[in-house]
Amino acid sequence: MAAKIIWSEIDEAPALATYAFLPIVRAFTKGCDIEVETRDISLSGRVLTLFPERLTEAQRVADHLAELGELVKNPEANVIKLPNISASIPQLQACIKELQQQGYDIPSYPEEAENDEDRKLQERFSKVLGSAVNPVLREGNSDRRAAASVKKFAQKNPHKMMQPWPPAGESKCRVAFMDGGDFYESEKSVTMDGADTVKIQFVDEGGHAKVLKELKLLAGEVFDSSTMNVRKLRDFYTATAAEAKEKGVLLSLHLKATMMKISDPILFGHCVSVYFKDALEKHAATLKEIGASPNYGMGDILSKLDKLPAEKKAEIEADINKCYESGPALAIVDSRKNITNLHVPNDVIVDASMPNVVRDGGKMWNLQDQLQDTIAMVPDRCYATMYAEIIDNARANGQFDPSTMGSVSNVGLMAQKAEEYGSHDKTFEAPSNGTFQVVNSAGQVLMEQKVEKGDVYRSCQTKDIAIKDWVRLAVERCRESGEPVVFWLDEKRGHDAQIIAKVNKYLPDYDTAGLEIKVMAPREAMTFSLERIRKGLNTISATGNVLRDYLTDLFPILELGTSARMLSIVPLLAGGGLFETGAGGSAPKHVQQFLKEGHTRWDSLGEYCALVPSLELVAKNFNNNKAKVLAETLDTAIGTYLENQKLPSRKVNELDNRGSTFYLTLYWAQALAAQSQDQDLKARFTPIAKEMTDNADKIDAELIAAQGRPIDIGGYFRPDRVKTEKEMRPSATLNAIIDNM
Ligand SMILES: NC(=O)C1=CN([C@@H]2O[C@H](COP(=O)(O)OP(=O)(O)OC[C@H]3O[C@@H](n4cnc5c(N)ncnc54)[C@H](OP(=O)(O)O)[C@@H]3O)[C@@H](O)[C@H]2O)C=CC1
Ligand SMILES: O=C(O)CCC(=O)C(=O)O
Ligand SMILES: [Mg+2]
């Protein structure tokens, strides 16, 4: 039986890169009993699956995400998962607009639900909002690290993006966080003795209870409840803004509005409404009329002003501008377009933005296009303190050195929508003052949270089987690497205290003799890891789902220049494998550059690296020796690719993604020709390697010649396949070799 590898079709830069690399993967695996199939999980594809009844037969798209969601629960799953857009509302609207222009009869997103029909539509769209793909596919925990060859390469060829930190103690950068009223302080957590159905209800001050959610919990499952007091949150924003103004530094806000799609847009909106308080309060009635909400960012408010008569618009704009003058300078995303940190909720995503603050010497960009010290607001203490620690460490000891620094790899607890990243359907904004309660089937109140109107309530679930597997994986990595493993858990946090008990319960199930295994609160774990990093020593972090996300961008960006170079393996609980490519996102800026000047700076190393364990899984599960040889030679090719420095350049008319992929292909063919484990493959690839080697200069030149002009691919969210393929495969010489294989 042929093995099947599923390659996910996604968005933006990695989607472009797929056009160049996938035909090569298909050609190389031909005749090896491996089928490579694609499934469309792009944002546009997911939007189209929502409205089959409004589309023609030819326009309809099958629900590939649902299909893959089932597949990952089966042992034969072998999925290569590239990063996709986790859409904010402005991104979703832009995607819908494009689809409408392309002739798809998709309804617009109703921002304000005025009737039941709107509410139904909103609910339908909510399936594709925010991080809607990863939680469905991640039926396993995560093992993210740099492959040994990649780390070695990074130390030998340190990336040049690190900016020095000012002399010890001189930087005014700091991480600001709340000192009370946050999720950290309020969190309560229970472990279920047995399976039960619980409900989350809200009881108002008059004693009226309303059930918001009913859930079936499993025995051993950890269930949490916590709240964010928005009055204290707003006080925190106000005080921190005043501090930034007084110190003359930038103010920045770091949240994860994509993955925390319900809570973080609200937290973001409060910041917008605090910063622009004078203008937004003065014009509250008008803004409400035109449907402008701070939760979508200042960009949305400004664009909605177009609905107003010119005079009114100008008046509100002038009042908004006064807020910039009286407030602290904001961190800027794009100075040419005056796009600040508060423009759209998904522009500054904490996992990618905070590492850049460390990398850039405690600074972010200001309106004058210069780097300037920033006060970085990460409101909730569950995760802020570890960022505070790395900032404090760099302020005191200077920048990290990628040529000598040790690594921090990660074993992340993420299976089955673990923790906060699965909490969207259990997150609520308090309708009035009152109490949220978690009540079991016997009517007993397990946990309760007193709240004020507008506070954000959140419950999280973590399944026992996921925790047990995570402990196993951490022990396994510890043994295989010989490096110490630190469980980043804080006994003072409700949830973490339950997890610590589980770690202590499950560790004795495994052979831990001679292994260094520690449990430390995030701040202390950071101190411990940084001390080792500066000595060139490696450490494994075993963390929950959020820290997994944060740390697997933070350390790779410092160590390797980008988290795209990470190996990201998800051994699925059912036995299959999900191989994520890199740990970063889909880099929208890269598409813009491609459209403007025909250069794609996306680095596909993550894709190359992910294909190795995917082929290894085929080899193991199907006893397929050819797959084993393909994996080994690809691994060798990646080594050569790094040694010869064939990574894409950031500048036009230099090697880009397409050229990089060509060189990887060349080295892979050469390695297949050079091996003698499989004579068929040797015979097949010897002439191919020769042809590619002989024509390498010509191919390289053809790929460079394709750059340096604007590109039209007929769409951003759903580009035209024929046009994109033509642009991403511009070398006739290379295409002839690949297509004849
Ligand atoms: N697994 C997933 O599905 C993930 C999806 N996302 C989604 O991706 C989008 C963008 O998120 P954002 O937080 O900006 O993160 P990105 O990781 O896309 O971007 C941060 C920066 O990292 C650099 N970078 C990332 N990947 C690569 C690569 N392969 N090659 C070269 N450089 C790279 C780029 O730097 P430079 O511009 O300097 O070249 C980029 O601007 C969002 O829609 C987000 O939801 C985000 C994280 C993971
Ligand atoms: O699903 C997402 O939106 C992002 C995922 C992510 O950032 C990660 O897993 O590192
Ligand atoms: Mg991430």
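Glycine too: its Cβ is placed from the backbone N, Cα and C atoms.
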Record-annotated NADP(+) site (TrEMBL): member among Arg39, Arg174, Arg650 besides Lys81, Leu82, Pro83, Asn84, Ile85, Ser86, Asn134, Gly585, Ser586, His590, Arg601, Trp602, Asp603: Arg650
Mg(2+) site partner of Asp549, Asp553 (as recorded in TrEMBL), chosen from Asp334, Asp347, Asp351: Asp351
Residue among recorded positions Pro135, Tyr421, Asp549 with Cα closest to the Cα of Ser586 (NADP(+) binding site): Asp549
Of Lys81, Tyr421, Arg548, Asp553, i.e. the recorded positions, those within 10 Å of Leu137 (substrate binding site) when Cα atoms are compared: Lys81
Inter-residue C-alpha distance, Arg138 (substrate binding site) and Lys81 (NADP(+) binding site) (nearest angstrom): 10
Between Ser131 (substrate binding site) and Ile85 (NADP(+) binding site): CA-CA distance (Å): 8
Proximal residue to Asp603 (NADP(+) binding site) among recorded positions Arg144, Tyr421, Asp549 (C-alpha distance): Arg144
Among Lys81, Arg144, Lys256, Asp351, Asp549, which are recorded as recorded positions, the nearest neighbour of Ser131 (substrate binding site) by Cα: Lys256
Coarse DSSP state, helix versus strand versus coil, of Lys81 (NADP(+) binding site): strand
